[in-house]
Amino acid sequence: MPVLGSQRRLLGSLNCTPPATFPLTLAPNRTGPQCLEVAIPDGLFLSLGLVSLVENVLVVAAIAKNRNLQSPMYYFICCLAMSDLLVSVSNVLETAVMLLLEAGALAARAAVVQQLDNVIDVLICGSMVSSLCFLGAIAVDRYISIFYALRYHSVVTLPRAWRIIAAIWVASILTSLLFITYYNHTVVLLCLVGFFIAMLALMAVLYVHMLARACQHARGIARLQKRQRPIHQGFGLKGAATLTILLGVFFLCWGPFFLHLSLIVLCPQHPTCGCIFKNFNLFLALIICNAIVDPLIYAFRSQELRKTLQEVLQCSW
């Protein structure tokens, strides 16, 4: 559980900067220059967590309800929603306990609070790792479906998908336990940062290659229809925009947190890095925002899933 106040503590003692007292303040660092510090109110954390919680519960419920959605691709999307769901549950639980403790409505011994803090940290770290893994798995699944379409159902089988899903969850749990235990070791932090960079590179390479193939296919159709420029340019712009949104959201939501981890290793005492450390809460809020955006990008674009969601909302089980 974080230290009471506006500055949260995640994954042990990753951040030890003093709490901010205003929504937007300029906090001086040790050398005198001004640091821009954005404080995120607990109410905003709670609201973001609840929105993400509802969205991802709906995704999981829709996939569980509709047999047509029970395929490897949708299982990966479902697991991504479950990972984001863990982020939301951890955030809501953490914020609720913080507010109750601050209000004096909950009395707990320090040892109990510490144990609860450890559980929440494991949930948050595990959900982060699993989210990144399933984002990568979805990218690989889409790549195979495009470049190996005829062999897709023999390559991406249900048993193989289940083994991949099980391996990701086990690896995420072990990683979170190791990270919580050895969070103050440089190697552990660098491994996490390296993992993020690897996932970003994997997604960028696969999606760029898929966009290139799609544009090539569009050019072929355009030549047959003798309308090369309008079709190709329009399709290319639409594909580039989709790719920019997909990778941009991923980088903007996850990048600042892993930048924070990198700077802990590279310049823990430097004043400029100290300015970045002060915005740790903002980085956590961005991760929660990613849990809100993921269903919009990966799940709600499916017409079949949207139709099932309507049935779920109407309680027509």
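Please read every residue number as a count from 1 along the shown chain.
Glycine residues also receive a Cβ, built from the backbone N, Cα and C atoms like all the rest.
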Test of record reading: of N15, N29, which one does Swiss-Prot tag as N-linked glycosylation site?
N29
Going by the topological domains in Swiss-Prot, would A64 and R219 end up on one side of the membrane?
yes
Ranking 119-140, 192-211, 241-266, 280-300 by Cβ pairs under 8 Å to the transmembrane segment (38-63), which is first?
280-300
Report the DSSP secondary-structure composition of the topological domain 'Cytoplasmic' (141-163) as helix, strand and coil residue counts.
20 helix, 0 strand, 3 coil
Can you check how the pLDDT averages out over the topological domain 'Extracellular' (1-37)?
44
In the same chain, residues at least 6 away from the ends of the transmembrane segment (241-266) whose Cβ sits under 8 Å of its Cβ atoms read 14-15, 132, 135, 186, 189-190, 192-193, 196-197, 200, 203-204, 207-208, 211, 273, 276-277, 279-280, 282-284, 286-287, 289-290, 293, 297
Before we move on, state whether the transmembrane segment (192-211) and the transmembrane segment (119-140) share at least 3 Cβ pairs under 8 Å, counting only pairs 6 or more apart in sequence.
yes
